[in-house]
């Protein structure tokens, strides 16, 4: 292909005055800039859009002039007004205030169509949110809810993510989100050719310089979910001015390998509108790779390149005649979005490539200058703009690297300043404003492809486990992350400990974006007592110092990942079923979520939604199937070049030598295990108990072991850091845990206890065949009580719990197969949260002991949704396997032990009391409560488990209700609190203010985890508006029939126990 002809007529530049927006001759918005270019530069080329690749061929680019772009935007404006319900421009109210339409979300592939829609909505004065196409459904749902969006326009390929996000959203602000499918941009270009277009009305889209409800982008938030960032009109004008390009410098085309849904990607189109330098965009149906970019440069001969580090890194791995030589003629190669490896940059610079560093943030826009590098320029540094409001303060004049600075910027239209989190070094006195980043003050990790993530979800979930002292994610400049875990106690078997943590890592991954997941247990580094995780004097983790200390271990992690595992793949590259095996590999090994029946061997994997991390995992797996001497011929873009199973199969056959593969058949092993032995049924009960280390579980264990009918209680516990398998050690640890919760088990009862450590979500619990067979040979009753207590998690993050339940049901089923005379019993402990909305949907407070439906679950409460899913799994199992007796118990509010006073301080009401003690106030809570002490609850569960028959739904809550005011009066007395009856909402605000201002980090986290539940659901759930009917339970439980109210003596026990444990603290002042 030949170079693209570009209009060389002089480009008339519009007047832009960022620092003095009152300038009457200056344009005030990108919309006005659009119209200016249509009038003054109509035939100048704006953009060259390469069409979607067909059969691996690159077509000729679509040439779009400024006038054509303006016409397409105007046509799209009219079309959207007809298509989107409720779309309208700003409306002036009687009091002079302005009301805007709710934001419209753009969730699109990176092509010029995104720009057309963006400018169309902005010209209407409609707030527009641009979301990264790489976000997970959870992140998309969070953002749509945060900005109260009501409409979203999605590319056809991305509709599935939006549908999943909408389906999972029960939050009121985002109810009724309507999805519209993006039309091809070619339609807007074609249909606008003969359209009479009105001039843009400034008053219809421009409100004021400080109106930030114009463009909504997003970044990583402190909770690990993205946060919306609102920007004014000057934000995009800011992009258009980040240059020092003269008329000659603006000649030729810049190839942009940057996605338009990221801030960095807006640099090229905004510069095209200001200086007239056209930009070229790659096909939107393929992810840019080093080889693709080189192919485009060689085909169309642009004069400059804008890219991210990993593309340049890929380019340097290609043969020199195909790579670096193509970059050498370019006026500049602009690189930003993340750190570029020094070795790569040095190789490029030494070869004469004009590297140009760039820097910016979503909040501030571009901070670096785009220019053609001169001989005195040093590629290590980016040049700070001088047309923005900023302050550069020295923070360390004695650093070994040079003077360190912090940069504070006052973004255009903002009322407040924004401090850049990067630590910056200056090139020197002569080049003070030439800076480079040497680290970050926050926890943000920037991957090699420019993707950013905050790993707090992963780190927090790990550190909530009692076996983990600290967790630090790493991955800066790499393609994926790993995590350093510091165990609470010395670990004897590292691999077992990693396996035990893996379920937590997977749960975290379900809540994080696809690029932010840990791919393998081998990516977990265990800190040793000899090399603890570095901390400051205040005890906080020193992230960067941790990376330095564990530099060798981190390097080894990525070496192992690069080598991949030959045992994992086991592909026979000469097999006739290679394509079938490849599809199975994708389904099993890379986190693929699409059902096998929904895609074909010829389907484009990236069209189906394969992300960059999945492509990397697949690449590593495929490498292990090839002879060593063939692997070097498989570049990093191998999967991108062969983006379907059929193409991968053809490519692999071409590369492979004659090798035979082997695949194990786990189904055969399962069948053999089930039928290994047939044992004679015993008359005595053996109870398989889960969750035995919790408060309720410890009380259950103590009660069950006192029953004459119970011969043995098998505690199926999540495998922990203590890898001892000795029976005595395991039981002693179990007894110690129970004792820590005020539950003392005598030696005779303890002799009935057996402890089996396991991986709850692994097939057969990850147990050896003989141990699993031991379970099925003895178990007669299963009481499934285990459950993570976290009110912030969404339903998808409980996947391991659903697998846990299915594994237990398999035990019951296999028990029946091995011992036909046994009819196993299975009791699942559910929650009142499953029916929390029942009074609203059915018009009655008294909830019967019957199956519920989805409408009864508490809205936007993953805990309750997950319990509902488990109830439905139990009901389906009961229908399918009538030979098993299955029951469900929905538990209401349990309090601490009536005997010892132990009440887990992490539960919501003890935390509420902790907050009350901190602020010296008790809230006003009206109506009644129905607490049942945990020791009594354990007895009731046992009564139900051993009832004459077991089936259906039971409810467990105290039938005797007490006045909240009476109980709070006792707490006021025991806590010495004089300020009572503070309105609940006001009390919550007082707590929030005190915690945020004077609380510890742990206390702030406690509040964040519980605040939403207290605000939305506590008063409705806990004050008699939701009452569980206990008729069926009382019929089989004498304990529940005779239980009384929580006495004053018991309340005092709770407070004394919390004081003894140090949970309560003096009021914050």
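Residue positions begin at 1 at the first shown residue.
Keep in mind that glycine also has a Cβ here, set from the backbone N, Cα and C atoms.
Per Swiss-Prot, AMP binding site is recorded for 262, 357, 358, 362, 437, 438, 439, 440. Listed in sequence order, the residues of the same chain lying 6 or more apart from residue 357 (AMP binding site) and placing their CB within less than 8 Å of its CB are 335, 336, 340, 368, 379, 380, 381, 382, 436.
Sequence-distant contacts of residue 693 (NADP(+) binding site), defined by Cβ-Cβ distance under 8 angstroms and a gap of at least six in the same chain, are 715, 717, 734, 737. Look at residue 693 (NADP(+) binding site): DSSP puts it in coil. Here Swiss-Prot flags 693, 694, 695, 696, 719, 785, 786, 787, 863, 867 as NADP(+) binding site, drawing on similarity to another entry.
Taken as a whole, the domain 'Carrier' (576-656) shows an average pLDDT of 80 in this prediction. Summarising the annotation, Swiss-Prot assigns domain 'Carrier' to 576-656.
Positions annotated as O-(pantetheine 4'-phosphoryl)serine by Swiss-Prot: 612. Look at residue 612 (O-(pantetheine 4'-phosphoryl)serine): DSSP puts it in a helix.
Taken from Swiss-Prot, the feature region 'Adenylation (A) domain' applies to 20-391.
Positions annotated as region 'Reductase (R) domain' by Swiss-Prot, on the basis of sequence analysis: 686-1032.
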Here the recorded positions are 262, 358, 362, 612, and the Cα closest to that of residue 863 (NADP(+) binding site) is found at 612
Fewest neighbouring Cβ atoms within 10 Å among the recorded positions 362, 612, 695 goes to 362
DSSP, reduced to three states, assigns residue 262 (AMP binding site) to coil
Argmin Cα dist to residue 612 (O-(pantetheine 4'-phosphoryl)serine) over the binding-site residues 262, 437, 438, 695, 719 returns 262
Smallest number of other CB atoms within 10 Å: among the binding-site residues 437, 438, 786, that is 438
Same-chain residues at least 6 apart in sequence with Cβ under 8 Å of the Cβ of residue 719 (NADP(+) binding site), in sequence order, are 496, 499, 500, 757, 758, 759, 766
Here the Cα-Cα span from residue 262 (AMP binding site) to residue 695 (NADP(+) binding site), rounded to a whole number of angstrom, reaches 47
Residue 362 (AMP binding site) to residue 786 (NADP(+) binding site), Cα to Cα, whole Å, comes out at 42
Rounded to a whole number of Å, the separation of the Cα atoms of residue 438 (AMP binding site) and residue 695 (NADP(+) binding site) comes to 47
Row residue 262 (AMP binding site), column other C-beta within 10 angstroms, all chains, value 21
Among 693, 694, 695, 696, 719, 785, 786, 787, 863, 867, the record's NADP(+)-binding residues, the widest C-alpha separation in angstrom comes to 23
In all the protein chains shown, the tally of other Cβ atoms within 10 Å of the Cβ of residue 863 (NADP(+) binding site) is 23
